[in-house]
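Chemist: The feature domain 'EamA' is assigned by TrEMBL to 7-140, 153-288. Feature annotation from TrEMBL assigns transmembrane segment to 7-25, 37-56, 68-86, 92-117, 124-140, 152-171, 183-203, 215-236, 248-265, 271-288.
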Amino acid sequence: MKSKRNLGFIAMAVVIIIYGVSYIARDVIVKYMHPTVIVAFQFTIMTVLFTLYNLFKKMNMRIEKKDILMVVLSGLVGCTFFHVFTVMSVKYIGATVSSLLFGFAAVFSLLIDFVFFKRKKTKLSILAVVVSLVGVYILMGINPSDLAETNFMGYAICLLSIISWVIYCFLADKVSDKYEKTVVLNYQAVVGAVTTLPFLFLYPVALGGLVNPEVLINLVILGVFNSTFAYFLNIYAIKNIGVTFSNLFMNFLPIVTIAVGMVLYGTMPTLNQIIGGVIIIASVLILNKDQKNLDQSACEMRAETDLKEVDVE
């Protein structure tokens, strides 16, 4: 149990690194092609890779009729909507701010956990989210009023991408229980590719743009690492540490994005960004403590139930 949980942490850490780098990749590539076209290429690559893998491993690709809608819906929300909204938000408000706002993913997922999955409301879980938001707020270094005054469209689209992602995480958690993860991801990638490839006719890409080394490298980052590897690791992490915890890890996105910016562009983090990053790390540690308390309580309850059953016998 503990080892799987630790592996879940490691998987999510890798996901965050990939996603953090991907924000920079999107920021670069959006100069050459429309956001929807980027997503189309991204999920075409993902579809090809997962199809080849599943064929090589001779996976059972059959999905029961009653689950088809759930698989399609998860692909539509988690692939098409999430990535189109994300790339568009990067275009409007930039990679760093877009990744900063992902701090609200933990809040939204915790609310869904409370309302629909009856997660126990504890002081630590609420404190973790509040501390997380404080960290994001300090990291951003702007006033809330600025959000409405600067680029409302960009922030609204970013919020839609966050909502899409959290909904996808819950759907993926539900549907991946019955089938191989790579099979589910394969079908989700197909949905993403089919729904975005038609945009190539609306926003054609010049051949010169495609053979540009900068474009090719960033397409590989998005198609191979961001979509294929990161999606697989994300589902693995969700199964071991839960949707809310995995989304709280998303608060590390701006830290990774800022670090990549330092390496590639020599941009140094501000004092606000350093303080905010430390606070965000603290929020993850608080939620981890809360989850351990919940797990311990659950074990104690099971032990008491077993003792009562023994006494009855």
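Glycine too: its Cβ is placed from the backbone N, Cα and C atoms.
Curation does not apply to TrEMBL; its annotations are automatic.
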Chemist: Can the transmembrane segment (152-171) be said to touch the transmembrane segment (7-25) if we require at least 3 CB pairs below 8 Å and skip pairs under 6 apart in sequence?
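Modeler: Counting Cβ pairs under 8 Å (6 or more apart in sequence), the transmembrane segment (152-171) does not reach the transmembrane segment (7-25), since there are fewer than 3.
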Chemist: Counting by DSSP, what is the helix, strand and coil composition of the domain 'EamA' (7-140)?
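Modeler: Secondary-structure breakdown of the domain 'EamA' (7-140): 114 helix, 0 strand, 20 coil.
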Chemist: Below 8 Å between Cβ atoms, which of the listed ranges 7-25, 37-56, 124-140, 183-203, 215-236 makes the most pairs with the transmembrane segment (68-86)?
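Modeler: The stretch I would name here is 183-203.
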Chemist: Do the transmembrane segment (215-236) and the transmembrane segment (37-56) share at least 3 Cβ pairs closer than 8 Å, excluding pairs fewer than 6 residues apart in sequence?
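Modeler: The answer is yes, given that the two segments have at least 3 Cβ pairs within the 8 Å cut-off.
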Chemist: Which of 7-25, 124-140, 183-203 has the most Cβ pairs closer than 8 Å to the transmembrane segment (37-56)?
Modeler: 183-203
Chemist: So how many of the residues in the domain 'EamA' (153-288) end up helix, strand or coil by DSSP?
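Modeler: Its residues fall into 117 helix, 0 strand, 19 coil.
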Chemist: How about long-range neighbours of the transmembrane segment (7-25): same chain, 6 or more residues beyond its ends, C-beta under 8 Å?
Modeler: 90, 95-96, 98-99, 218, 221-222, 225-226, 229-230, 233-234, 236-237, 239-241, 245-246, 249-250, 252-257, 259-261, 264
Chemist: Calculate the per-residue pLDDT averaged over the domain 'EamA' (153-288) and state the result as an integer.
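Modeler: Averaging the confidence scores along the domain 'EamA' (153-288) gives 81.
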